[in-house]
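K.L.:
Below are the features listed in Swiss-Prot for this protein:
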- Thr2: active site (ACT_SITE)
- Gly157, Cys160, Thr163: Na(+) binding site (BINDING)
Amino acid sequence: MTTIVSVRRGRQVALGGDGQVTLGAVVAKASARKVRRLYHNKVLAGFAGGTADAFTLFERFEAKLEKHQGHLMRSAVELAKDWRTDRILRRLEAMLVVADHEATLIITGAGDVIEPEQGIAAIGSGGAYAQAAARALLENTDLSPKEIVTKALTIAGDICIYTNQVHVIEQLD
């Protein structure tokens, strides 16, 4: 799996992920890019799960953003609806975290669109570790969202065997 974490402080949001791709018990790639900017660089998105499945979902989500003029919630709900009802999409195994200046959402293959509390979203095998670290840092420091994401990914990578220390982090100011 992987670790994807997003932290929001006001309208500033950062989203990051590690680069490890595993095939069974073997690390197949250490520097995969699981975080992207979408819709004219106004939306951040990261995935955990099957890489090919995630790319399909990125394409679908970007099409929804275009159709709905960048409206994050509506695009996420429409993607989740398609994901839940389409026979082919239903088989895709991935989760997404998406964020813009206004909201952060987790989108699942079960059709869930969740807006997490406290401005923190985390998915993947190291998600719980990253979420705990990010929450402690957000509540007890003045670090920027990008600094918190970096530290949370580092901590998750130290604990989770499916998460490495090669990070890609994007930020919207």
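Counting starts with 1 at the first residue shown.
A Cβ is built for glycine as well, from the same backbone N, Cα and C atoms used for every other residue.
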K.L.:
So which other residues, same chain and not among Gly157, Cys160, Thr163, have a Cβ within 8 Å of the centroid of the Cβ atoms at the Na(+) site?
P.N.:
Thr3, Asp18, Gln20, Ser125, Gly126, Tyr129, Leu153, Ala156, Asp158, Ile159, Ile161, Tyr162, Asn164, Gln165
K.L.:
Reported as an integer number of Å, what is the Cα distance between Thr2 (active site) and Cys160 (Na(+) binding site)?
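P.N.:
Rounded to the nearest whole number, the Cα-Cα distance is 9 Å.
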K.L.:
For Cys160 (Na(+) binding site), write down the residues of its own chain that are at least 6 apart in sequence and whose Cβ falls under 8 Å from its Cβ; none is a fine answer.
P.N.:
Thr3, Ser125, Gly126, Tyr129
K.L.:
If you count Cβ atoms within 10 Å of the Cβ of Thr163 (Na(+) binding site), leaving out that atom itself, what do you get?
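P.N.:
For Thr163 (Na(+) binding site), the 10 Å Cβ neighbour count is 29.
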K.L.:
How many neighbouring Cβ atoms, not counting its own, are there within 10 Å of the Cβ of Gly157 (Na(+) binding site)?
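P.N.:
Gly157 (Na(+) binding site) is surrounded by 22 other Cβ atoms within 10 Å.
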K.L.:
What does DSSP call Cys160 (Na(+) binding site) in the simple three-state scheme?
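P.N.:
Reduced to three states, the DSSP call for Cys160 (Na(+) binding site) is coil.
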